[in-house]
């Protein structure tokens, strides 16, 4: 420590300590401390020592909150990363995209258009679109699309199937063969060249 300066006046600084490494520590009359490092980084500690704010020389800001949340703002990317004590992490991007990373490995992404994508640790994925459409993708790649009008599509390696609200089911197999089962009981089958081979 080079020297220690004590002064109580109308100013906020009650005590100023200058260290040999260039660090300067100020104790303010309300009890909180400001430590300024040689590179311009500033660390502020609340009087009760429950909150710390570090303002880095590159514009980044790290806050440690009384509830143990750690909020880090990346200035260059204009992105905020909040880590909660229970393990939840939330990223907020400048385009208003928000990502939540849960302790169990689940990720939830809310896009600027309000589309929500959930990625589960077991490989299952769900996407909820603003129009009410829901897309579910299983670990094996099978996809189920539920449209807001009640129609449903199932995509597998073997076929693509569309189910209509009236009970009609149309299936197109990977070899090009088509099968339509109507709600009336009628069945129509077409070969890979769209020739009708059954209609009853």
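Glycine too: its Cβ is placed from the backbone N, Cα and C atoms.
For the domain 'Centromere protein J C-terminal' (12-45), DSSP puts the residue distribution at 0 helix, 19 strand, 15 coil. The domain 'Centromere protein J C-terminal' feature in TrEMBL is assigned to 12-45 (among others).
Away from its own ends, the domain 'Centromere protein J C-terminal' (85-113) comes close to residues 67-69, 77-79, 119-121, 130 of its chain (Cβ-Cβ under 8 Å, at least six residues beyond either end). Taken from TrEMBL, the feature domain 'Centromere protein J C-terminal' applies to 85-113 (among others).
Look at TrEMBL and you will find 122-155 (among others) tagged as domain 'Centromere protein J C-terminal'. DSSP labels the residues of the domain 'Centromere protein J C-terminal' (122-155) in these numbers: 0 helix, 16 strand, 18 coil.
Counting residues 6+ beyond its ends, the domain 'Centromere protein J C-terminal' (159-187) has Cβ neighbours under 8 Å at 149-153, 193-194, 198-200 in the same chain. Per TrEMBL, the feature domain 'Centromere protein J C-terminal' maps to 159-187 (among others).
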Cβ contacts under 8 Å made by the domain 'Centromere protein J C-terminal' (122-155) with residues that lie 6+ beyond its boundaries: 113-116, 161-165
